[in-house]
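Database features (Swiss-Prot):
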{"type": "SIGNAL", "residues": "1-20", "note": "signal peptide"}
{"type": "DISULFID", "residues": "26-72", "note": "disulfide bond"}
{"type": "DISULFID", "residues": "39-100", "note": "disulfide bond"}
{"type": "DISULFID", "residues": "61-66", "note": "disulfide bond"}
């Protein structure tokens, strides 16, 4: 039972941290968003890239920036992303976004 509780706390922490950074991407200008999404594309797995391409198509967009903007517009980015991505894929995108964000504080780059 204790393990389940700890697992649940980890999921909540992951969702909170992922959502916070993804919300930052929602406020980026178009050029910055396109640049970061291209960087993310190069860092995520083929499966996650395929899921992103699927989201673009299902959202009737021509590119990932459009799809991301539409997910941001729902006012619940985490929930919108969960329609197209698994929790693991969302974490992968978050990790790549953090690495690609020129404004992020990269604590591991000492």
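Each Cβ is built from the backbone N, Cα and C atoms, and glycine gets one as well.
Feature map: Swiss-Prot annotations on the structure.
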| residue | record | contacts (Cβ under 8 Å, 6+ apart) |
| --- | --- | --- |
| 26 | disulfide bond | 68, 69, 72, 77 |
| 39 | disulfide bond | 96, 99, 100 |
| 61 | disulfide bond | 67, 70 |
| 66 | disulfide bond | 56, 59 |
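Look at residue 26 (disulfide bond): DSSP puts it in a helix.
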